[in-house]
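A.B. asks: Structure incoming, see below.
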Amino acid sequence: MIKSTNEIRQGFRDFFVNKGHQSVSTGSLVPHDDPTLLFTNAGMNQFKDTYLGTEKRAYTRATSSQCCVRAGGKHNDLDNVGYTARHHTFFEMLGNFSFGDYFKREAIGFAWEYLTVELGLPKDKLWVTVFDEDLEAEKIWIEEIGVDPKCVLRIGAKDNFWSMGDTGPCGPCSEIFYDHGEDVWGGPPGTAEEDGDRFIEIWNIVFMQYNRHADGTMENLPKPSVDTGMGLERISAIMQNCHSNYEIDLFQGLIKKVAEVTGASDLEDKSLRVVADHIRSCGFLICDGVMPSNEGRGYVLRRIIRRAVRHGHKLGAKDIFFFKIYDELINQMGDAYPELSKQRLFVEKILRREEEQFAKTLDRGLQILDNELDHLEGQVIPGDVVFKLYDTFGFPADLTADIARERGLTIDEAGFDKAMAEQRKRAQQANNFGIDYNKTLIIDQKTEFIGYETLQGAATVTHLVVEGAFVNALKEGDSGQVILSATPFYAEAGGQSGDAGKLILNNGVFVVTDTKKSGDAFVHSGYVGMGSVKVNDKVHAEVDTARRQSIALHHSATHLLHAALRKTLGEHVTQKGSLVDADKLRFDFSHFEALSADSLSEVTFLVNEAIRNNYEVVTKLMDIEEAKSSNAMALFGEKYDEMVRVVQMGDFSTELCGGTHAKRTGDLGLFLIRSESGIAAGVRRIEATVGSAADQVISELLYEVDKACGLVRGDHVNLGEKIEQLVDRSKLLEKEVAELKAKIASAAGANLIDNAIEINGVKVVIANIEGIDPKLLRDSVDQMKNKMQSGIVVLATVAADDKVSLIAGVSKDLIKKVKAGELVNLVAGPVGGKGGGRPDMAMAGGNNPAALADALALVAPWLSERL
């Protein structure tokens, strides 16, 4: 009966492929264009538009093993991970789906056959629930499948009726449970003991047969569908005779690795489960492009990492450890998900860097928390304490709650939320947002795009829009948007800028400045340059050819750059964003550190070599799964149709792309990197240019080089040598100037000592030194203290920009009476500043030189009271 988790995953897919289902790869953990979801949390998420009827697929049956995350947002299992047998932040959902193909009879039959024949589970161990009004499903289970009627339970809508939202597709569901036997406590679903571990839900079959309207009424769908989900970890536990998901082969391998790297000896410690669970969600999220940050999905990832690190320290980890477990994750899941191996270097680097950052404050934060708990009255940690740990030491509130839970305490969530709200209010800045009419505009039309084949064509004006409202006509000088029946204008997508050009009419010209999409309609923005435009007018659309061609060259360059980066830095490099314009490209990609000069040189060489090879740029239409299996690069977070456009440039680059491109790579002429920088944790940006735009950049650079040659009296051959000589000479002069200033300061100090005053037997120097470098004040004070042996010095100077610099020095024998920090702040206050330092030396600044004389006059009376 025992099967490995990997065998079950593959066997499930094979079973349904043999039943005529299309095997579909897991969708991204980051849902595309679905603001209702923080992370993908069910197998049906990637098919949502198919169920809604807004997306057509080439098949009507599908099967998948979907990676899911439930942490943060509405669906959040984070707090329970490690404390229960079946809660995880990351899990896999096995599923089979029907889009208007088969329905209840086949879905129930497939599930029963898989469980009892393919897996060999005893039939008397399986119980079933049905929606209490779904007599059809009940009849199938009892009369056709042969399940004992006492094992078929009717359950209400709360647990056995599923809906996508308040409106839309919905329907009853049927759940299958496994009975672990009388030795395990718990009762059947629907009873008071249902939360026990005896009866475990393993499969949920949803029958989407209704469409719910806003008024609550429901009507039958013309083509009912099926959505099913079975947790891989749960069915693996049953097949491996385990009562906890954490006892299955996959988790046992991870738990042993956690124990190894942390030095833990008790393999039953709950913290081992926490860390083993968290390496899965963290590894997969980073592979899917999520980076640790302080907001949104990135903050959820950061919370999970920090929770894992804290539990690792509980286990005894003394050094950075979390990234070391990733290797075991690859061992356990790398065959099913090759991306884990491809991005190994990148993921480990991100995990290590994040842990190192948190480790700096973890111990101190725990000390603060322990101190607060020692003085805590009651069982609730105050919200302001929770906020302090978050704001100062980076403790997410749920991490503090986790620690509190271990000690039988809770946190004041309302108080924490209030403190957070007050911080946001303090940090809030006024922002003005323009209205994006393309997002508010609803145009029930599909524009035919002809721009791959031609840059001009005839069309009819179907809609005119001004500031989000439909109009019938635009006159000369009016700005607005034009929607056509067909267009050669490419609409902004995939980072490529929208086309510009003209719409020529019999009685006018509309100048197109940009093109975007609204649904399936292409929206041409611009103004009427001459005459007028009316709905139903015939137009001749002409794209700005030179601009389009330049954009196409830069778009092709992003593909070559992407490939070159992966060849140079590793396969962890993936595109995170891009901007393709007529005169430049901007390419964002995943990488953990700045590129060295050698790496940039290698990338540039590889791209230009591909340009010199003059590869033909070939485009093909392919099935999405076929394209992925051919190793065509798919962009993170991008949603693709079933038929995709694949752009290939020799054997150098193959990507899924709907943009416009050069005909051959040689058309790019020359590739030149302008800059490389970091824009976020783990994300770098390259700005570059090709073609005539690159020629222009080189011309400008040569002009600057010629100008530099003239200034240093050199030429292109010895320019570097001349500049080095100039820099060396400058450093020598700077050193001489510094030495002269030091001598002047020393002399000034000697003169000041001669004029020192005495206050109660103590030598005191108070002076405003004009023209001295503020950096030399400290040296002057040190020299004066050494010469006086016992005394107090207060010096000030005003720079050319009216900035006041202050310093106070107190000899060691006097610091019990006078603290340098208190003294310097006495003077700093009137000049609009403050400072600090050691008891014997402190510095401050200010911005009100007019008050300096009065401020220095405060020193003597103040010292008289203390000496």
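For all residues, glycine too, the Cβ spot is worked out from N, Cα and C.
OK, Swiss-Prot features for this one:
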| type | residues | note |
| --- | --- | --- |
| BINDING | H555, H559, C657, H661 | Zn(2+) binding site |
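How buried are the listed features, and what sits near them?
C.D. replies: Mapped onto three states, the DSSP output places H661 (Zn(2+) binding site) in coil. Sequence-distant neighbours of H661 (Zn(2+) binding site) (same chain, six or more apart, CB under 8 Å from its CB) are A552, H555, S556, H559, V617, T619, V647, listed in sequence order.
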A.B. asks: Using all protein chains in view, find how many other C-beta atoms are within 10 Å of the C-beta of H559 (Zn(2+) binding site).
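C.D. replies: There are 27 such Cβ atoms around H559 (Zn(2+) binding site).
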A.B. asks: Around the Zn(2+) site recorded as H555, H559, C657, H661, what other same-chain residues have a C-beta within 8 angstroms of the site's C-beta center?
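C.D. replies: Neighbours found: Q496, A552, S556, T558, V617, V647, E655, G659, T660.
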A.B. asks: Return one of helix, strand or coil for H559 (Zn(2+) binding site), based on DSSP.
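C.D. replies: Its secondary structure by DSSP: helix.
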A.B. asks: What is the Cβ neighbour count of H555 (Zn(2+) binding site) at a 10 Å cut-off, with all protein chains included?
C.D. replies: 25
A.B. asks: List the same-chain residues at least 6 positions away in sequence whose Cβ sits under 8 Å from the Cβ of C657 (Zn(2+) binding site), in sequence order, or say none.
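C.D. replies: Correct list: G494, H555, H559, R645, V646, V647.
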